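Residues annotated as region 'Formyltransferase ArnAFT' in Swiss-Prot: 1-304. Taken from Swiss-Prot, the feature site 'Transition state stabilizer' applies to Asn102, supported by sequence analysis. What Swiss-Prot records for His104, Arg619 is active site, proton donor, and it gives sequence analysis as the kind of evidence. As annotated by Swiss-Prot, (6R)-10-formyltetrahydrofolate binding site applies to Arg114, Thr136, Ala137, Lys138, Ala139, Asp140. The feature NAD(+) binding site is assigned by Swiss-Prot to Asp347, Asp368, Val369, with sequence analysis given as support. Among the features that Swiss-Prot reports, UDP-alpha-D-glucuronate binding site is placed at Ala393, Tyr398, 432-433, Arg460, Asn492, 526-535, Tyr613. Among the features that Swiss-Prot reports, active site, proton acceptor is placed at Glu434, with the record citing sequence analysis.
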Amino acid sequence: MKAIVFAYHDIGCVGLKALEKAGFDIQAVFTHTDDPNENHFFSSVARVSAEMGLTVFAPENVNHPLWIERIREMKPDVIFSFYYRHMLSDEILNLAPKGAFNLHGSLLPKYRGRAPINWAIVNGETETGVTLHKMTAKADAGDIVAQEKVTIEDTDTSLILHEKVREAAAKLMAHTLPHIASGNYSTTAQDESQATYYGRRCADDGLIDWNADAKTVHNLVRAVTEPYPGAFTFLGERKMIIWRARPVADNQGKRPGTVISTEPLVIACAKGAIEVITGQSENGLYVQGSRLATEMGIVTDVRVGPKATAQVKRRQRVLILGVNGFIGNHLTERLLKDGNYDIYGMDIGSSAIERFIGNPRFHFIEGDVSIHTEWIEYHIKKCDVILPLVAIATPIEYTRNPLRVFELDFEENLKIVRYCVKYNKRIIFPSTSEVYGMCDDKEFDEDNSRLIVGPINKQRWIYSVSKQLLDRVIWAYGAKEGLKFTLFRPFNWMGPRLDNLNSARIGSSRAITQLILNLVEGSPIKLVDGGEQKRCFTDINDGIEALFRIIENRDNKCDGQIINIGNPTNEASIRELAEMLLDCFEKHELRGHFPPFAGFKKIESSSYYGKGYQDVEHRKPSIKNAERLLDWKPTIETRQTVEETLDFFLRGAVEELGNK
């Protein structure tokens with residue numbers, strides 16, 4: 001059976017040898033070039049492959065069409081992935097008629113993602129293992145073929161556990177590969193309700209939090225000890241690395257981080273304490289704990305913890321243009337709640353942000369982005385993160401005012417992008433699900449889906465192509481001039497303060513606001529083209545949490561990324577949304593204030609939006625990037641969103657009636 005192997009690390013070497021022993025005909029091996037900044041405690045797949053006489057490649061992007069074609073020419077029966085660090089496209093996976101299999105270092109569905117061995121120790125697990133599973137478009141989510149369990153002892157480090165997992169992998173493959181070769185194997189679907197996902201770890205994750213209990217600190221020490229960068233703390237500005245430690249039961253009533261004794265070196269945790277067995281200063285030798293205390297001048301009752309200067313770190317400054325809009329005002333609320341941000345905002349009105357006026361961390365000016373260019377340039381220079389949320393984003397305006405859409409959505413935003421390049425500022429740009437246009441994929445993928453729009457005489461696409469062109473310009477600035485950016489694509493976000501009923505009265509609003517207006521006024525609900533178009537509705541709170549995590553940008557994982565933010569499980573047609581809204585309306589406590597329901601009315605899109613409109617049948621996001629980069633999943637169902645949105649507008653309408 002002809003096999004192509006994607007492999008790296010010790011597990012990759014174990015996999016290659018197991019395949020050879022099982023009689024697989026390995027056509028080629030794809031691996032990675034070694035990173036000079038990485039501690040290579042593991043064997044080289046390239047070297048082992050060469051010694052086995054195998055053909056080896058290390059492409060930067062194996063999913064490039066040229067590499068896909070080369071793999072197709074090899075005509076593999078089966079594909080194996082052993083600790084290969086890049087996702088393989090569906091096009092590659094579909095080239096193997098007998099299937100594609102991945103070996104993962106955990107007992108799936110637990111610990112999907114990166115560094116599962118380290119994470120298992122950090123979290124204090126007592127058991128892990130290896131899983132061989134079918135590969136799918138979603139990372140580590142395919143049906144399970146086989147698993148081998150591994151016990152984690154209290155004294156195991158990541159290196160010791162890695163050796164155990166390597167032995168388990170060899171045992172699993174020796175037993176399972178012959179069954180795959182014969183086609184005589186069964187699979188078990190993963191239980192998604194039990195799935196957990198963890199991202200990559202970096203050296204900074206080794207910072208010790210002495211407010212944790214002693215067992216938690218000890219778990220961190222053994223998870224990141226050699227060959228990893230180590231767990232660390234600071235004495236003032238000086239770094240102290242702890243390589244080996246043991247938990248102690250009694251902290252003697254000391255505050256977390258307080259040195260209880262120096263011989264042995266014992267440091268208090270919130271519960272219990274840690275005895276430092278070995279460690280070193282940043283530029284010192286590997287020594288015993290008591291010797292480390294002497295070298296660093298550590299004395300009893302001194303406190304260690306975060307770096308002294310880190311404790312006086314200033315808040316990040318975020319500039320939000322269009323701060324009074326739907327996303328802008330909800331994002332402001334989330335940032336202020338966090339407490340680590342100063343928000344500077346501009347908009348032509350303030351109706352949605354009046355609740356923030358007077359907050360010392362919220363700074364607002366009423367203004368127009370096309371006029372107040374000096375203020376904008378100054379604040380881009382002053383702030384750390386820029387979010388230009390100003391845009392015309394209501395479908396009727398695409399055909400009614402196409403030139404204004406282009407001028408604001410493209411030209412004015414291009415100026416802001418160029419200021420960010422000029423002053424080397426990070427921009428988080430709101431792309432749109434509209435850029436996918438009439439894409440025919442079942443799920444719209446940020447990295448692979450085609451962006452398909454209609455002919456020139458269909459002017460509704462001017463919004464889509466304006467946004468798409470800005471996406472491409474921003475990407476080019478990132479590639480050529482080092483612009484730090486993230487593009488996010490909202491999929492039908494809904495919630496309180498989405499547009500307002502006055503904008504709905506002139507047709508310039510999103511679908512749910514227009515539907516609510518029909519109910520409030522007792523006019524027929526208009527279903528454009530029968531309302532059969534399907535969308536995936538996302539609660540504003542889910543969306544804002546994802547956007548907040550993009551702003552946080554832990555480990556800089558969001559730099560240079562495009563991220564769909566939507567809820568693929570909340571798919572419904574506009575007609576179904578209207579029926580759900582009607583049901584909530586009839587059950588609402590304020591129902592008696594409004595006229596009887598006037599029924600549904602089917603209309604053609606041209607009579608509603610005007611000449612030049614064209615609609616899309618479905619728009620479902622792939623959210624694998626959001627899951628991987630943000631550790632985010634939407635949780636709120638459409639009905640809850642509809643109820644909260646309806647309640648907001650009905651209470652506003654009743655208040656308006658009372659003021660007349």
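Just so it is clear, glycine is given a Cβ too, placed from its N, Cα and C backbone atoms.
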Using C-alpha atoms only, work out the spacing between Lys526 (UDP-alpha-D-glucuronate binding site) and Arg619 (active site, proton donor) and round it to an integer in Å. 21
For NAD(+), residues beyond Asp347, Asp368, Val369 with C-beta within 8 angstroms of the site's Cβ centre include exactly Leu321, Gly322, Met346, Ile348, Gly367, Ser370, Ile371, His372, Val390
Let me know how many other Cβ atoms fall within 10 Å of the Cβ of Ala137 ((6R)-10-formyltetrahydrofolate binding site). 16
Spatial hits near Arg535 (UDP-alpha-D-glucuronate binding site) (Cα distance within 10 Å) out of the recorded positions Arg114, Thr136, Ala137, Arg619 come to Arg619
For the residue listed as 'active site, proton acceptor', which DSSP three-state class applies? helix
Spatially, which candidate from the recorded positions Val369, Glu434, Asp529, Glu532 is nearest to Thr136 ((6R)-10-formyltetrahydrofolate binding site), comparing Cα atoms? Glu434
If we check Cα distances from Ala137 ((6R)-10-formyltetrahydrofolate binding site), which of the recorded positions His104, Asp347, Asp368, Ser433, Glu434 wins as closest? His104
Minimum Cβ neighbour count within 10 Å among the binding-site residues Ala139, Val369, Ala393: which residue? Ala139
Using Cβ-Cβ distances, find the residues under 8 Å from Asn102 (site 'Transition state stabilizer') that belong to the same chain and are at least 6 apart in sequence, listing them in sequence order. Phe80, Ser81, Phe82, Leu132, His133, Lys134, Met135, Asp140, Gly142
Cβ packing number for Ser433 (UDP-alpha-D-glucuronate binding site), 10 Å threshold: 25
Measuring CA to CA, name the entry from the recorded positions His104, Arg114, Lys138, Glu532, Arg619 that ends up nearest Val369 (NAD(+) binding site). Arg619
Students should find that the Cα atoms of Asp529 (UDP-alpha-D-glucuronate binding site) and Asp347 (NAD(+) binding site) sit apart, in Å rounded to an integer, by 35
Give me the non-local Cβ neighbours of Glu532 (UDP-alpha-D-glucuronate binding site): same chain, 6+ apart in sequence, Cβ-Cβ under 8 Å, ordered along the sequence. Ser573, Ile574, Arg575, Glu617
Asp368 (NAD(+) binding site) versus Arg114 ((6R)-10-formyltetrahydrofolate binding site) - Cα distance in angstrom: 45
Winner by Cβ contact number (other Cβ atoms within 10 Å) across the binding-site residues Arg114, Arg535: Arg535
Looking only at the region 'Formyltransferase ArnAFT' (1-304), what is the model's average confidence as pLDDT? 94
